[in-house]
Amino acid sequence: MEVLMKMWIVLLLLSVCSETVICYSDGKVEVACGDMTPQHGHEPITKNPPFNITTDKSQFSPGDKIKVTLSMASSSEGKHYFKGFLIEARNAGNLNEIVGSFKLIDPEISQLLTCDSKEGSAVSHTGKSHKTEVQVIWVAPSDSPSSVQFLVTVAQGYKEYWVKSPGPVVSQNGVAPPPQTTFGGSIGAQTTTSSILSRSFTSEGCGSMKSCLRDPEGCDPQNDTACHFLSFRALGSSVMFELSGPAEGYVSFALSQDKWMGKDDVYLCIRDTDRVEIKAAYVSGRTHPVYSSQNILKDTAWRLSDGVIQCSFRRDIILPPENLNRFSLDQIYYLFMAHGRAEDGRTHRHDRQPLISTYQTKITGPPEDLIGSRSPLLMKYHGAFMLIAWTSTVSAGVIMARYFKPNWPERNILGQKVWFQLHRMLMALTVLLTLVGFVLPFMYRGGWSKRAGIHPYLGCVVMALAVIQPVMALFRPAPDASRRYIFNWMHFGTGTAAQVVAVVTIFLGIHQQALSLPAPWSTGVLAAIVVWFVLADLVLEVHQRGFLPIGNHLCWMNPLNCKR
């Protein structure tokens with residue numbers, strides 16, 4: 001049974017090979033309630049929209065319900081669907097005032113939002129599925145103005161959207177409707193014309209004329225297409241930045257006051273087909289960046305060659321007060337470098353753990369040749385402790401108790417048999433390593449990780465089982481007790497379960513970005529260790545049962561017991 005359990009572990013691990021991350025738009029866009037502009041960082045389309053917004057009434061009384069329909073125009077060209085939307089009702093005489101509330105007709109594709117502290121005052125999408133029509137109910141309030149206009153923002157894609165498109169105006173009974181207000185929508189993120197770089201960046205002058213952060217350390221982007229490179233140098237009242245790296249969609253860097261993502265000043269170079277868009281952004285947490293609506297970058301330039309994205313720009317050291325989320329460049333910061341995929345201008349999560357500078361540096365300070373790491377030291381210790389505990393000490397402890405007991409029956413250390421003392425020492429070391437390794441990620445993350453999949457949940461299970469085992473052993477009955485077999489089975493079951501879950505958790509853990517382990521070699525090495533342990537256990541089990549011709553004892557441990 002034990003051997004079958006070990007073989008089952010190997011089969012189970014074959015299925016633990018990859019991690020899938022699903023990301024979708026959930027329509028929680030309260031941040032856009034005011035200007036109704038998506039935080040996409042692109043200019044909205046101003047030409048005639050390919051959709052209609054209609055109402056089933058043109059007049060109303062307080063408390064009346066009006067059906068509002070958003071649908072694709074029958075004569076529209078191109079895409080015949082939309083993905084995202086935001087519908088609001090506003091005072092036709094003052095379009096900054098949100099009026100009334102909505103009720104849903106189809107909660108599968110629409111949801112209520114709280115805008116301007118008014119619950120249900122706007123409606124948005126629930127997902128990015130293709131839609132051709134959405135219907136909602138608007139309820140007129142008791143203090144409704146004389147006329148109300150419906151406004152809508154509609155997105156067909158990340159770069160294809162119409163902002164604040166005017167819909168019909170409805171008026172209270174007996175009130176003549178005012179002239180309908182028309183406008184072209186609000187302004188999105190500002191862009192500037194960029195030039196094309198004539199040649200690649202170089203590491204010449206790093207540490208003497210400019211500060212540089214590179215991965216691999218010491219690489220030169222001029223000669224190495226695998227080089228991730230960031231340089232900066234002060235030029236009067238501004239700083240010139242150069243950023244380069246191989247990526248499918250974007251390269252980026254951030255200024256941060258700590259080594260954890262969130263509340264950071266970010267700069268991205270995003271590939272858009274055969275050109276590069278250079279943007280400033282801000283991240284409040286582990287979320288998509290919010291692009292700046294202010295044009296703060298100067299002398300922008302870019303280059304695409306051999307899968308490498310390069311861009312450069314200048315930014316003033318001190319910015320006007322209205323740039324709330326921009327950091328002053330005369331302070332010290334940690335530097336982050338990241339790269340990843342982009343789709344229709346929307347960046348996805350970075351492909352690898354970001355490169356983080358080892359220490360803070362002053363952006364306008366003396367030139368330095370900086371160093372960094374993609375794998376935090378605490379996470380390295382976490383992985384090492386768990387690997388030693390569950391592929392080394394626990395395996396040795398199990399083998400010691402299961403197969404070495406007959407070879408040292410009378411030998412004692414400190415009043416206990418040798419095999420038992422070694423077994424207890426190895427298992428205590430396993431629990432200690434597990435406990436320390438368990439705490440380290442919480443110290444690094446500052447809390448629970450929401451992007452590590454089921455790995456942390458399984459880790460909690462392993463920690464619990466590891467603590468239960470020694471507690472259970474403290475209350476074990478005497479060897480000759482009538483109910484000793486109950487303890488034996490519980491001890492065996494809990495220990496085996498802990499091993500199985502721990503090894504599966506380790507296989508999931510080696511794919512975490514924070515460890516930055518080489519794939520697929522790390523998976524292969526770990527699989528080889530597990531297979532070796534299973535085969536060793538199988539050989540010892542068969543030998544113990546007397547099926548091998550060398551006898552009932554370990555011949556290599558005690559040659560006198562070998563049968564000739």
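Note that Cβ sites are derived from N, Cα and C of the backbone, with glycine treated the same way.
Among the features that TrEMBL reports, signal peptide is placed at 1-23.
Annotation comment: TrEMBL describes 14-186 as domain 'Reelin'.
Annotation comment: TrEMBL describes 226-340 as domain 'DOMON'.
Residues or ranges marked as domain 'Cytochrome b561' by TrEMBL: 344-546.
Residues 2, 419-420, 422-423, 426-427, 429-430, 433-434, 436-437, 440, 462, 495, 498-499, 502-503, 505-506, 509-510, 515, 517, 526, 529-530, 533, 536-537, 540-541, 543-544, 554, 557 of the same chain lie 6 or more positions beyond the ends of the transmembrane segment (383-404) yet place their CB under 8 Å from a CB of it. Among the features that TrEMBL reports, transmembrane segment is placed at 383-404 (among others).
According to TrEMBL, the feature transmembrane segment maps to 425-444 (among others).
What TrEMBL records for 456-475 (among others) is transmembrane segment.
Annotated transmembrane segment per TrEMBL: 487-509 (among others), in sequence order.
Annotated transmembrane segment per TrEMBL: 521-540 (among others), in sequence order.
Nonlocal intrachain contacts for the transmembrane segment (456-475), taken as residues 6+ away from its ends with a CB within less than 8 angstroms of a stretch CB, comprise 390, 427-428, 430-431, 434-435, 438, 441, 448-449, 487, 490-491, 494-495, 497-498, 501-502, 504-505, 508-509.
For the domain 'DOMON' (226-340), the DSSP-based tally of helix, strand and coil residues reads 0 helix, 71 strand, 44 coil.
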